[in-house]
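As structure tokens, the structure follows; a few thoughts come after it.
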Amino acid sequence: MELPTPSHPFYPIDALIKDYAPNEAPLLTILTTASLGMTGLLGATWMLTGFKRPQIPTKDRIAILWFVCSGFLHCFFEGYFIIHHNHMASAQDFFGQLWKEYALSDSRYMTADTLVLCMETITVLVWGPLCFLVAYLIARHHSLRHPFQIIVCMSHLYGDVLYYATSLFDHYVHGIAYCRPEAFYFWIYYFLMNFVWIVVPFYYLCQSMRSISAAFTALEARSAQHKAR
């Protein structure tokens, strides 16, 4: 018997996705627009920090770019998801089409999966604004930069590991695949695009731990010198 044609391109093929409509814009247009938009945001941030705070070291300006990028994606791109999660499958605006493209690697975003929705809501309401706060604290050379940087980096590491773990658990234990079978969707969209939020936060987490440790070491050394007098 011939199997019925799936009503959408997502996996699992029997996932309930109502009112699905294919993207009207070509994939190249969607990805180019996203790339140009992010390039413009980061370019403007780079120029603004150079103009307003020219004394900031280059490594800190790069850190500002990272946290501004993360904050923008969390608050606006992921914010779009928590607002429109019930009808993204039919959306034809830019973010809607971008989400449908990404969801080829994780259909949980099309089905408003409970864990994904709750996790993204926390990300939008808490971690996104904190990313912008860390960027500001770096620009101001504020003493609270590293405590907040540790909090944000730990949230990224925890969230990413949980995101990977729940999907892979369903795949290997329950036999449910949320990603299309093509290697591109798994390795580029699902793995690589999220793995960045493990590698970079881990680097900045280590940076903050070293900075705080060095500060306490210097403080204890000064205290010991003071007592010795």
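Using the three backbone atoms N, Cα and C, a Cβ is placed for every residue, glycine included.
Bear in mind that TrEMBL entries carry predicted annotations, made automatically and left uncurated.
Marked as transmembrane segment by TrEMBL: 27-51, 63-83, 114-138, 150-166, 186-206. The domain 'EXPERA' annotation in TrEMBL covers 59-205.
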Stretch among 27-51, 114-138, 186-206 sharing the most Cβ pairs under 8 Å with the transmembrane segment (63-83):
114-138
Using a Cβ cut-off under 8 Å, which residues of the same chain at least 6 positions beyond either end of the transmembrane segment (27-51) come close to it?
61, 64-65, 68-69, 72, 94, 97-98, 101, 139
Looking only at the domain 'EXPERA' (59-205), how are its residues distributed among DSSP helix, strand and coil?
119 helix, 0 strand, 28 coil
For the transmembrane segment (150-166), find every same-chain residue at least 6 residues outside the stretch whose CB is under 8 Å from a CB in it, and list them.
67, 70, 115-116, 119, 123, 126-127, 130-131, 134, 194-195, 197-198, 201-202, 204-205, 208-209, 212
